[in-house]
Ligand code: ATP
Ligand code: MG
Ligand code: MG
């Protein structure tokens, strides 16, 4: 199969790496001349609006997928008319707009934070009266890693917050007082078969994911699967999805979903029978889905801003270094480290995980 990918970052890179086992070939459209996926296929270095780039892709590819959700609507529509775009525009439409996303969750009976649309300073004021404080103002589209968000704790902060998010269409969300954050990653095939990965506990700092820990037999697995299934079926979804959830008391409250492979599923490369990247390809190419069980205990730590020394990572038993070959920059995800428990005692695993957290400049007691 020939797979076209919109985007050439680390997610596209890891999809293409997984495709090598499936005898697939790849082309990427990305305006970044240093796109890190480039060595794993052919890189069409072009703007996301470039008609010629899409023409080249349409003549070549059997199926088209993407690694981010803020794709211009016109591009999505013209691509979908000519070629299978998976997951489809229906999923992209909802995931690309936090307001539609929350309304979709609620329409399926899935709870979310209280929310209200905001499109002016005046409407922000009335949204705050309705929802109360603390709350978070978020741009409806294009935000990632906590970008385009402002936390509101006091009414004196409204004007500065409205300026800081760029005075674009927004949503105000109540601040959820959660006991933990988890995500459920699932894959749905063209026939509607769904497989689920073990629930993963996620730890963020400054809006950026730092640590993911897949859980064996978590008591909330079933609840998470049930709500993911409702969403997948509603969207007639094909491919891998990630649904981010807050646990509040004994309920799971949906934060957002990503219509693609997800950072909290990177552990599946070493830690599951079939990685999320391989299952995404299997789903969009019409192949049977692979087993999602975890092989071992494992954990995934993001490398943000600055790479640790390779020899320091190699010295930690069970650690695998994933360097995305991106330039170092504060706040940028440039790699990750997975540690698996294979051959390690529980104690050694925990000690090694702490070493990894320290190596990447993170609090070793993060979880
Ligand atoms: P990404 O797409 O990279 O996951 P994002 O920019 O879309 O991030 P969110 O997932 O909405 O941002 O928020 C980032 C983090 O901020 C969440 O994982 C959570 O830790 C915190 N957060 C977001 N919304 C809320 C909320 N309503 N209540 C409490 N915490 C929140
Ligand atoms: Mg997001
Ligand atoms: Mg998120």
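Glycine residues also receive a Cβ, built from the backbone N, Cα and C atoms like all the rest.
TrEMBL lists 98, 138, 143-149, 173-176, 181, 204, 255-256 with the feature ATP binding site. In the three-state DSSP classification, residue 144 (ATP binding site) falls within coil.
Under the heading domain 'ATP-grasp', TrEMBL lists 102-285.
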Collapsed DSSP category at residue 176 (ATP binding site): coil
Binding-site residues whose CB lies under 6 angstroms from ligand 1, from 98, 173, 176, 255: 173, 176, 255
Cβ under 6 Å from ligand 2: qualifying binding-site residues of 144, 173, 255: 144
